[in-house]
């Protein structure tokens, strides 16, 4: 039994560390792609002194802790966001492995979905834009999901492409600036991945969360009614919640309405 527990602990640590490494690479994508930089080749640099970082500076989580959150060369503080993203990556990998432990293929598919949504969220926060490559990647993943998650029918996926994205497009045509083009394309792609029911739930949750955030910004006088804020992160949060607990939300809602 002790050997089994030790093996399980080793696998958990391996999954967690793999998740941090993958999300460390996503940090590179988030930073470099909007700047038209090569995210495969090239060396990482300190954002303050531009010194080329070595292997000891790039170990996910550990480098930040061991270096005290400072650059080893110029001693200036390093932003904690990248480290938090790495930590989230490790947690996401562990969560997917546990939540979908009966089906590793689904666990991998969902983890990759989380990876793309993370890139979308932070790129949108940084640039107020959603790169075309993001929603294209989700469409490709949706094709793979047809095999790993066959419980979502092809018809449901096709309906998911249009059930939210088309209303968003029509609203944007009627009210310019209501949604960004990237938001609309993202919802279409995610509809192909999630199917129409979960896409509707996800969109509702995104509007709810985004509305709460927007009201908070207005009350705090950090934004005016004419200002825009990144809506992509709220779409992504809505889709994560919808994917994991959308069916339960639908059941609760129908029970509440006594349908």
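A Cβ is built for glycine as well, from the same backbone N, Cα and C atoms used for every other residue.
Which of 180-199, 200-219 counts as transmembrane segment depends on TrEMBL, and there it is 200-219. Beyond its flanks by at least six residues, the transmembrane segment (200-219) meets 163-164, 187, 190, 194, 225, 227, 229, 231, 234-235, 237-239, 241-243, 246, 249-250 of its own chain at Cβ-Cβ distances under 8 Å. Within the same chain, residues 19, 22-23, 26, 29-30, 33-34, 81, 85, 88-89, 92-93, 96-97, 99-100, 129-131, 134, 137-138, 141, 144-145, 148-149, 186, 193, 232-233, 235-237, 239-240, 243 sit at least 6 positions outside the transmembrane segment (106-123) and bring their C-beta atoms closer than 8 Å to a C-beta of that stretch. Under DSSP, the residues of the domain 'Prepilin peptidase A24 N-terminal' (19-99) split into helix, strand and coil as follows: 44 helix, 4 strand, 33 coil. Sequence-distant contacts of the transmembrane segment (135-152), counting only residues of its own chain at least 6 positions beyond either end whose CB sits under 8 Å from a CB of the stretch, comprise 103, 105-106, 108-109, 112-113, 116, 182, 185-186, 188-190, 192-195.
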